[in-house]
Amino acid sequence: MTLKELAIGCGTTLRSIWMIGMQAFNKRETRMYPDVPVNPPPRFRGRIVLTRDPDGDERCVACNLCAVACPVDCISLQKAETKDGRWYPEFFRINFSRCIFCGLCEEACPTTAIQLTPDFEMGEFKRQDLVYEKDDLLISGPGKYPEYNFYRMAGMAIAGKDKGEAENEAKPIDVKGLLP
């Protein structure tokens, strides 16, 4: 090692110390997380919840599209039917230890039952505690779409109404009446 190389090494070290010392007077970029709350961006995809209709019924019709759309297969559900013919999930289970929070289940849901919230604090000590059942996922409100009711929009008979009598729905067309 020559004297020239030693001088260059010392100069580089002193320059690095100078640059680091100048950063001591700048504003910190790091936030002290538990003390300072973190505000995620508006389209942040966090914890998954199941919402209800404005009437208070479950929105989920157990169509299984969310489970099919999930790339890591963390959603499982079983369909059941009420006496009036309405479908609902008998059980709905999400394994959050496998979930990658991609949001494909929310996009696939035709009833807007699945919605992603900005909650991100889901740490647990046991992996079994990250498996959420329907009772854990179901919230009391309608979520992002307060006025939407799938059965009213889809035209399924509600409380004795026939097809065509629901909100924003036309009467069924008689195809035989169109023939010459």
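Note that Cβ sites are derived from N, Cα and C of the backbone, with glycine treated the same way.
Keep in mind that this is a model prediction, so the values were computed, not measured.
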- [4Fe-4S] cluster 1 binding in Swiss-Prot involves C60, C63, C66; of C10, C109, the partner in that site is C109
- Item | For C60 ([4Fe-4S] cluster 1 binding site), the number of other Cβ atoms found within 10 Å of its own Cβ | 25
- Item | Mapped DSSP class for C63 ([4Fe-4S] cluster 1 binding site), helix or strand or coil | coil
- Item | Residues within 8 Å of the C70, C99, C102, C105 Cβ centre (excluding the [4Fe-4S] cluster 2 site residues themselves) | I48, C66, A69, P71, V72, C74, I75, I100, F101, G103, L104
- Note on the structure: Quick note, C105 ([4Fe-4S] cluster 2 binding site) and C66 ([4Fe-4S] cluster 1 binding site): C-alpha atoms separated, nearest Å, by 4
